[in-house]
Structures are given as structure tokens and as C-alpha cells.
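Since the structure comes first, as C-alpha cells, the remarks are kept for the end.
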């Protein structure tokens, strides 16, 4: 099997902590000045006052009690509940009765909260449908209509209809939506594309950025910045003209670059890192450093095993969620242990490629509007970012892009994130050719490309394959003239999804693809989800290009 070639990854790329009890290594101890110079962010941007409160903010010890007692099997359930009355009244009632001998926490929750609705539980797939028919019939099932904001609910109302991924995810997600949109366009659902375009523009206008998802507990972070790719899709499909989104793109860019001008070399603030040579690169970040509402108990348990201050671990867990790769060996000091997570000290190759695309899009649209100074400024920014990426994140010896540990000043692991520079046109042809060789020998399997070559038990690692990574690899390699590799990945992935669909009559979030026998992907913090938005989107687009498998 092809995957047998990657059993022994390059030892230079491993970052395994030798002494697992000693978390503050000498590389970090020498950085006191840098850390002290990194100011704490102010209050999160977005909704002011009470509407920005998360369930953990509102319910305080009641929230912690419910989550620690595991009233619900999924930690996300309680944050998604809606209160039946003013949260303050609920909290007062709880404090009055919680010490009674006959107090029943579950009954208290059921009496004071509406549980989240499971929309897709009644949908039954028709086994006679082809894969294409199945996907087209799922769009209405995954569509949520706009509704008035439920008072004190964590759900943020949106002005237009939107698509959710499915399963436990009953809200829209930022980077998921781009890959879902690819399929909507192929299915001729321009109506939904327009709605989602309006929604994301509205979020930028109202929150200053696109949150991870439309929940209050997602406001403190974003996700991989793919709005520029969405705008490109809107333009290509004649849904919305790109010019109307120039201001939105600039606002998103300002969010990601906040604080950059005040940094000196080896300093970081929020999403921005000033490198030793003065260049600017970006990292993932979350403005909060508390356990995530939707994974509260899991985060508390992870922090207990870290040997570090809990708030640092919580920040890195949150930043990992902002990356979309939650979680992966990419963010771990010890590749087998989530408690060693250090997301904020890595400069991710995919994030900086997406920001290169954002800078290029602003330059291109500014040129269309005759704004020559803005065009020149952002072309220079894109060029500077590409130079910095080549300096710090390109491994010339192995011919691959890798994440960069900016605190240890060394390259990190190789993963499928390395294909994003090709997808956005940031690589040169020599880099693309060399990267293709590495992907063939290290990530390609009969089922598609692996997220990484490391087996850690995390979901964004071997043996799993994910739809967005397949799409970016397929299109990225074809863009640089490697049709053979792009087509092979496409056919392998379509075969994986179709074979599983014929057996199970559903599409899922991720697939086990390491051994050529398609089955459910594992790992992560929650059970495998079906639906599934971005898998549907990518597969529907590929069917349009390659036909049904």
C-alpha cells in the first residue's frame, strides 16, 4: 500500500518532548521579555453588552455544575440550550435550591431550558438515489431559515437562510461554508449562495470579523479566512459582483492584522507575529483564555494533564479550534498528547496562504475600481508575505512547506496544509513540483490524501481524510499543471465517498482512508457526524467535473 511508505517520518520534523513532566523548556524561559510585551486583548469585538455573553458568562457556577456532571453526553448541548426565562432569575433559583437534599440537576435544567432541536433526525435517505441525487436532496434538510433572536440564546440570528454542516452542528461555520458553497453552485442553488454571501458580509459589518460560527461562544475567534475565496466564487458564478465586497475584505484584513504596526521583532499580538527580520506573519488566536463553552469538561481535563498554567492551555485549545484543525499533531509539542498543545506559537502555512489570497484579492478588486494606491499597497503586502513564507516556512531540503515554531525558531511538522499555497497561487512551479513528489510518497493513499502522516488519535491526522483538503489538493496541483496527480486524488476520493455511500447511504464528516477500505473516520472530541456540509459540497463539485463514480 502507498501508505506504507510513510511509517517512518523524517525525524527532523518530530517535536516530541523528552521529559513529559517538564513543560517550560529553555526555549520558552529565555523569552520573558517577548511574553511580557504581548498585551492582553481588550473585550471581544462584536456584539456589545449582554448579547455577547456566552452561556458560561451567564450561568457561572450553574454552567460549570451542568458540564462537570455530564448531564448531557455532548458538552455542546447545554451551551446550545435556550433559557425559558431571564438567565439571572434562573441563576438565583439555582442558588436557592442547589443544596436541597432532593435537588435534581437534570430536572432543574429541563424545567428552565429548551433543549436544542435536532433538525435532521427525521430524514431518511432513499437508498435508490445516486450520490448526486442524495446530495441535491440534502440541501433543504441542511438549510436553516432566518429567525428572530431567541432572548439570551447563544445562537446569533442571521438575516438570510444558511446551510449547517449537520449532526451536532446546528449553526453555520465560517470555513466549512466555502466548501459547502462549491456544491451549492454546482447544484444550481444560486438562491442559497446569495443568502450566505449576504450573511457573511453582514457578520463582518456587525462583528468586525466572521466568527467561527453564529454562536456567542464563537465570537472571540474566527476560522481560516476564506472570505476572499467566497467572493471569487460569487463572481465566477455570477451571484454577486466582487466589487461590492472590497470594504468587507479590508475589514477582515484589519481584524487579522490588528496591532501589527506597534510590534517590534520577536513580538506577537493577537493574530500577528513580527519575525526577527521585521516581516509579518500570522498565527491562530482566540481572545479568551477560558475553557470553551462547547467543550468545557474536555478542556478542563486536558489542562489538568498539561503541567502549564490552565489559561495558557485554554488559549491554545481555542486557537486550535480557530484553525479548523481541531485537533492535529500540527499543534502538539508531543505528537501523542493533546495536553502539550502550543497552537499560538506556530506560524501555520495554510493561514498565511489564505491571507496572501486576501491581500491579493484586495489588490485585484482595488485595481478594478481604479484605486491604484490601495492596489499597490496590497500587492506589496502579498509579495512581502510570500517572501516571508519562503524564508521561514519553506523546507528546501525536503521540498515541502511546513508550519514554523516562531518561539523555538524551527520548522514543525509536514501535513496536507502544505497544499494551500498551491490552491491560492502563492508557490512557484519548482515548489509545486517538489511538493507533488512529497505528497505522492507521504500522503497519497488509494482513498485520497491523508491529513498528516502521524497517528495520534486526533481527528486531523492519519488515518483520516477530509473533503476540503482533497479539493484544495486537486485544484492546487492542476493549477500548476500536474493533472495526473490532481485527477488521481479526485478519483480516489470519489471512490471512497461513493463506496461508503453505497454501503451506508450517507456522507460523513471525515473518512478513514489509510488502507484503501473506506470506513468511518475516528478520533477527536465528539462522535463522527453525518450530513455533511463540506463533504457534500466538495463531492457535488467533483461529480460535476468528473461525473459520478
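Cβ atoms are placed via backbone N, Cα and C, with glycine included.
According to Swiss-Prot, the active site, proton donor/acceptor annotation covers 326, 509. Summarising the annotation, Swiss-Prot assigns substrate binding site to 168, 175, 176, 212, 221, 222, 223, 292, 293, 294, 324, 525.
A gap of 11 Å separates the Cα atoms of residue 168 (substrate binding site) and residue 509 (active site, proton donor/acceptor). Cα to Cα, residue 221 (substrate binding site) and residue 326 (active site, proton donor/acceptor) are separated by 14 Å. All protein chains included, residue 221 (substrate binding site) registers 24 other Cβ atoms within 10 Å of its own Cβ. The separation of residue 324 (substrate binding site) from residue 509 (active site, proton donor/acceptor), Cα to Cα, is 13 Å. Counting Cβ atoms from all protein chains shown, residue 326 (active site, proton donor/acceptor) has 21 others lying within 10 Å of its own Cβ.
The Cβ of residue 223 (substrate binding site) lies under 8 Å from the Cβ of 173, 174, 175, 210, 212, 322, 323, 324, each of these being in the same chain and 6 or more residues away along the sequence.
Fewest other C-beta atoms within 10 Å: among the binding-site residues 168, 293, that description fits 168.
DSSP gives residue 293 (substrate binding site) a helix state. Residue 176 (substrate binding site) sits 13 Å from residue 326 (active site, proton donor/acceptor), taking the Cα positions as reference. Taken residue by residue with DSSP, residue 176 (substrate binding site) is part of a helix. A sphere of 10 angstroms centred on the C-beta of residue 509 (active site, proton donor/acceptor) encloses 26 other C-beta atoms. Of all the binding-site residues listed (176, 324), 176 sits in the most crowded Cβ setting, with the most other Cβ atoms within 10 Å. In this structure, the C-alpha atom of residue 326 (active site, proton donor/acceptor) lies 15 angstrom from that of residue 293 (substrate binding site).
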